[in-house]
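Participant: Questions regarding the structure given below will be posed in turn.
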Amino acid sequence: MNRAAIRIIGIDPGLRNMGWGVIEASGSRLSFIACGSVHSQAGSSLAERLCALHEGLLGVIADLSPMEAAVEETFVNCDPQSALKLGQARGVALVAPALAGLPVAEYAANLIKKTVVGNGHAEKAQIAMMVKFLLPMSEAKSADAADALAVAITHAQLRASRALLKSVSSMSVQTR
């Protein structure tokens, strides 16, 4: 199995604050690289806010050179206007890494919680605590950044599982 390090950016979409976290995965070993949030101004037009998020994410991607991206699927609340705006911010979270040539994976919030904490209904504080445990050098200063690191951790762990399953299935095909 290939143990080459892969750099992953996790993204937690949001219109005000879009969290991002970059880790490196080598086999089952995870290393913290950086994390933070890209912000948009609340008084600006929607187009200006989306543009600010897009430019901010592209800057992070250019600076930190991730090889793959993972984005949290958004929870749709009961306010359709808010859901639509969040969906547009999520579009930025998907398009920015894709434009940079990165493969982009998507994960449901409960799968991220289940993978990182072991409970699909974990609270934000539990997620932040487990992120700190799994990445001791991490300094997530916001819940958005901690959530983004959790997205990256989930991608690293599920990516490794998929690679193992693929190698096992190709071995069984070769032995037939």
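Yeah, the Cβs are placed from backbone N, Cα and C, and that goes for glycine too.
Sharing the record's features from Swiss-Prot:
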ACT_SITE  D12  active site
BINDING   D12, D144  Mg(2+) 1 binding site
ACT_SITE  E72  active site
BINDING   E72  Mg(2+) 2 binding site
ACT_SITE  D144  active site
Participant: Highest Cβ count within 10 Å among the recorded positions D12, E72, D144: which residue is it?
Facilitator: D12
Participant: For D12 (active site) and D144 (Mg(2+) 1 binding site), determine the Cα separation and express it in whole Å.
Facilitator: 6
Participant: Measure from the CA atom of D144 (Mg(2+) 1 binding site) to the CA atom of E72 (active site) and give the result in Å, rounded to a whole number.
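Facilitator: About 11 Å separate the Cα atoms of these two residues.
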